[in-house]
Amino acid sequence: MLLLKLKTTPFYLSGLIFLQKSLRNLSTKSSRYSRRDSDEEDDPKDQKIQSAEENQPDRLYLYKSKGQHLLTNTRILDAIVRRSDVRPTDTVLEIGPGTGNLTVKLLEAAKKVVAIEIDKRMVEILHKRVADEGLQDKLHVICKDAMKAEFPQFDLVVANIPYGISSPLVAKLVYGGNPFRSATLLLQKEFARRLLAKPGDSEFNRLAVNVKLVADVEFVMDVSKREFLPCPKVDSSVVIIRPKVEIPNVNLDEWWAFTRTCFCKKNKTLGATFKQKKKLIELLKLAKATSSNEENALLGKNYESDVDYDSETDEDVGFASSCSDSEMTLFKEKVVGILKTGGFHDKRPSKLSNEEFLYILSLFNQAGIYFHDHVNPKVSDNVAFAAAYTS
């Protein structure tokens with residue numbers, strides 16, 4: 001099998017690599033998951049190389065600059081399928097099937113595989129390979145960006161998620177409207193560690209808190225970067241996400257906005273975070289908006305924007321000047337009092353459990369303090385909104 005490494009990032013493999021018989025000529029089988037984050041145009045350098053080789057149809061360009069890699073360890077592929085617990089009656093959603101090594105294994109075990117692949121070249125190769133295996137009737141391919149595609153009903157997910165869209169795609173799965181049994185995901189090791197992190201761990205973050213509200217995450221195994229061709233810069237890990245049967249009865253908009261506040265600086269105490277003038281102004285605005293259904297220009301926006309909590313906008317200054325010193329002082333004392341009553345004033349978000357976060361949020365809401373604009377809520381679906389609150 002011919003493998004050429006040129007001066008630029010593309011890697012070239014003979015088109016025969018995608019036929020099962022040719023794959024057996026390699027020491028191990030190859031499976032490629034597209035890590036392409038979007039359908040943007042190729043880099044200028046990549047375009048130049050492609051133009052120079054356009055008369056050689058038997059070559060596939062693996063763009064390292066686009067994150068396209070081949071997984072080259074058959075044992076890992078078998079382990080992923082085995083740990084996914086695929087049943088003969090299952091419909092499996094595979095994101096980034098690439099050349100189809102894992103796809104074929106899934107087709108052999110499942111009733112149906114729905115594969116979402118953004119690269120049209122890979123779609124053509126996948127169809128050809130599956131047809132050669134006689135499994136074409138069990139495969140449905142959607143050639144779209146996974147973040148833009150509407151997912152059909154499925155029982156399981158098996159995916160190698162591009163790092164650049166890991167957070168929103170995980171959010172789309174766990175907060176989407178499609179019920180499923182589990183998702184077996186091959187992720188960058190660092191991102192997987194963030195998903196698995198527990199209170200007190202250095203990696204513990206808002207991502208773990210928000211995902212674990214609705215799902216359990218299990219570590220399966222690490223995968224060395226040496227198992228991929230071309231070799232990426234980082235190692236990967238396989239995890240399994242299982243949606244919880246029952247989730248807490250909490251307003252998700254409130255939860256996402258609240259956890260964002262808590263983790264704006266996760267190693268600060270909650271007392272220090274909530275004493276910030278910017279945050280106090282934001283919460284007082286929302287408190288007034290919630291207590292009154294009157295709309296005005298001041299309350300005509302959502303206050304969960306990604307702004308620096310230590311900075312003040314002209315609107316903030318205007319709002320603060322419209323409030324008396326005694327009103328601001330009383331509100332600050334109210335916020336601090338809630339934290340002290342619950343024993344959380346000197347606690348750090350990085351040390352707290354989901355149960356403790358839920359309790360703190362309930363204390364605030366019971367006192368009429370909210371983190372989400374209930375008068376002018378965001379007009380978006382759960383998935384799009386959650387994606388902004390899980391990273």
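Cβ from N, Cα, C; glycine included.
Automatic, uncurated: that is what TrEMBL annotation is.
Features reported for this protein in TrEMBL:
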BINDING   HIS69, LEU71, GLY96, GLU117, ASP145, ASN160  S-adenosyl-L-methionine binding site
DOMAIN    76-245  domain 'Ribosomal RNA adenine methylase transferase N-terminal'
REGION    29-52  region 'Disordered'
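Neighbour counts were taken at the CB atom with a 10 A radius for the binding-site residues GLU117, ASP145; the maximum falls on GLU117. In the predicted model, the domain 'Ribosomal RNA adenine methylase transferase N-terminal' (76-245) shows an average pLDDT of 93. Among the residues the record lists as binding S-adenosyl-L-methionine, namely HIS69, LEU71, GLY96, GLU117, ASP145, ASN160, the two farthest apart have Cα atoms separated by 21 Å. Around the Cβ of ASN160 (S-adenosyl-L-methionine binding site), 27 further Cβ atoms fall within 10 Å across all displayed protein chains.
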